[in-house]
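All remarks here apply to the structure that follows.
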Amino acid sequence: MPSYTVTVATGSQWFAGTDDYIYLSLVGSAGCSERHLLDKAFYNDFERGAVDSYDVTVDEELGEIQLIKIEKRKYWLHDDWYLKYVTLKTPSGDYIEFPCYRWLTGDGEVVLRDGRAKLSRDDQIHILKQHRRQELDTRQKQYRWMEWNPGFPLSIDAKCHRDLPRDIQFDSEKGVDFVLNYSKAMENLFINRFMHMFQSSWSDFADFEKIFVKISNTISERVMNHWQEDLMFGYQFLNGCNPVLIQRCTELPEKLPVTTEMVECSLERQLTLEQEVEQGNIFIVDFELLDGIDANKTDPCTLQFLAAPICLLYKNLVNKMVPIAIQLNQVPGDENPIFLPSDAKYDWLLAKIWVRSCDFHIHQTITHLLRTHLVSEVFGIAMYRQLPAVHPIFKLLVAHVRFTIAINTKAREQLICQYGLFDKANATGGGGHVQMVQKAMQNLTYTSLCFPEAIKARGMDSTEDIPYYFYRDDGLLVWEAIRAFAADVVGIYYESDQVVEEDQELQDFVKDVYVYGMRGRKASGFPKSIKTREKLSEYLTVVIFTASAQHAAVNFGQYDWCSWIPNAPPTMRAPPPTAKGVVTIEQIVDALPDRGRSCWHLGAVWALSQFQENELFLGMYPEEHFTEKPVKEAMARFRKNLDAIVTVIAERNKNKKLPYYYLSPDRIPNSVAI
């Protein structure tokens, strides 16, 4: 009688093992086997991290094995099990791999195909077509779209983390409780004694050092020492936490009536302001999105304020960015003066603090939350709903949506919900952040997620004109490495544009993103369908880059740039000044966050800047969803390209007082998971 050797690998995460009964059935082209109990006498099967082998003898020839069915049945109490993969040695000596990487819960079962990626057109056998359809039917019931707030991208239909399908929940050892993590962060930073001191102002700038953790040679310490300088202020628009707003100014806006006379002491080329604009030396950051956003009113004891500044910057003779004019609100007038470097010291300093505070709000809510977290969740939900596990695009993307839906669900549960942690310290809490996302959705476009096009659209693409824009330089290297990898994979499975166009599952995935994620907004420019291999490669690059590199660039520098509170105040407790010559140092300190809000802010930026314990970085694919040699070779090339980028960035950073490392591939996690 034919005999098979079955090898079963159990996951190594917490509680992955099981004591339940595990059964195996084989489905072949010539017949199906009976159900076989996988059990060895006097042996504890399916322990965490174990790889167990069993001999399975069948009554008759099964032909070519098409599917295997794994069933888990209760032994004493239901005991969840994480199955990594099954390998089958056939009677003829061939090995077949069946990737799984899923949880079996309750009296659960899973039907697996071998690891070769297949498009739907490759499946001619009825049972395989049926398996494909049933998998998607099941997933579409599990992964439902929900509107969390009007105008937002749709998200997963789950009120809390435990409502999610088990396969996309965090591993047990992951710290996913924001309240706990922030509290732990404050404890680690030795600032928990201040966390309840709301309304208690600091006495001066130096007083903020009481909650500042000095870590030798870090960027944060350099920020603390140089934050008042114009050069440090300008540098952050290029390489700080939010390097996505600055753009070349091609025409001075009417709403910013600045003249050459006002700024001539800042201009170094003996040209008029208009001539400097023509030569491409003037840059602008406009916080128009914040205009009309409601400030936080959740604490009746503390008035909080927002502004919507416009900041003009100048590229000086050594190609460094310096601010030359700041207007704190959008409509010019006598009570909305243009602040200048030639003004009184504290007038100019307070104007810059207001800009830094507004930059923090745009960064947190739009650059970080909307444009990485929420967008990546859309891609993830659409993937699970429309691409079966055997599809090559599912196999490619699954590592890049790992834990994203879980972290976003946890954020909606604890962080950005009504009365959530976001309300504690941020001027845009209490609903302002919701208004911001609703407004920003009108400008969220597909091309703005295409990194090279986004850089070009802001006029920031010239390395000769703007030599110190490391976010651009490193981002372009990583983008190209991802694009080459995506194109390799596309080339393996799609031999022509026609195959792309006729892949209905792929088209359904793309359509789901457009219809539900982008709410069917034509202006978003998101494709409703994809017709060429080139466009598919670009689309996949957008998905992977957004989840990995873009998130890394705007997330992991938060402690570096935002831990010194005056450099990134999460709230302001006095309105923007309406006149010059009246600002004092005491007024500035009183306007900055109180001790309690400062501590919650510091706990947040510390917690958000830490890598996960078991972080997987770009190019790491420990779950072997692909089994074919050409894809494994493409992965090896991808890793080699990424290693070369790591070397280039490390060489560039040598001896730099302000190294830029957020886009070094060895510091880019595969997915949005924090």
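Yeah, the Cβs are placed from backbone N, Cα and C, and that goes for glycine too.
Lifted from TrEMBL, the feature list:
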type	residues	note
BINDING	G17, D79, D80	Ca(2+) 1 binding site
BINDING	D39	Ca(2+) 2 binding site
BINDING	H368, H373, H551, I674	Fe cation binding site
DOMAIN	2-118	domain 'PLAT'
DOMAIN	118-674	domain 'Lipoxygenase'
SITE	W103	site 'Essential for stabilizing binding to COTL1'
Integer mean pLDDT for the domain 'Lipoxygenase' (118-674): 93
Secondary structure tally of the domain 'PLAT' (2-118) (DSSP, helix then strand then coil): 0 helix, 59 strand, 58 coil
Nearest of the recorded positions (G17, W103, H368, I674) to the residue listed as 'Ca(2+) 2 binding site' - Cα to Cα: G17
Spatial neighbours of D79 (Ca(2+) 1 binding site) that are distant in sequence (at least 6 apart) but have CB under 8 A: T18, D19, D20
Beyond the site residues G17, D79, D80: chain residues whose C-beta lies within 8 Å of the centroid, for Ca(2+) 1: F15, A16, T18, D19, D20, F46, W81, Y82
From H368, H373, H551, I674, the binding-site residues whose CA lies within 10 Å of that of W103 (site 'Essential for stabilizing binding to COTL1'): none
Near-site residues: Fe cation, ref H368, H373, H551, I674, CB cutoff 8 A to centroid: L369, T372, S376, I407, V554, N555, L608, V672
Cβ contacts of H551 (Fe cation binding site) (under 8 Å, same chain, 6 or more positions away): H368, T372, H373, S376, P669, V672
H373 (Fe cation binding site): tally of other CB atoms within 10 A of its CB: 23
Rounded distance in angstrom between the Cα atoms of I674 (Fe cation binding site) and D80 (Ca(2+) 1 binding site): 25
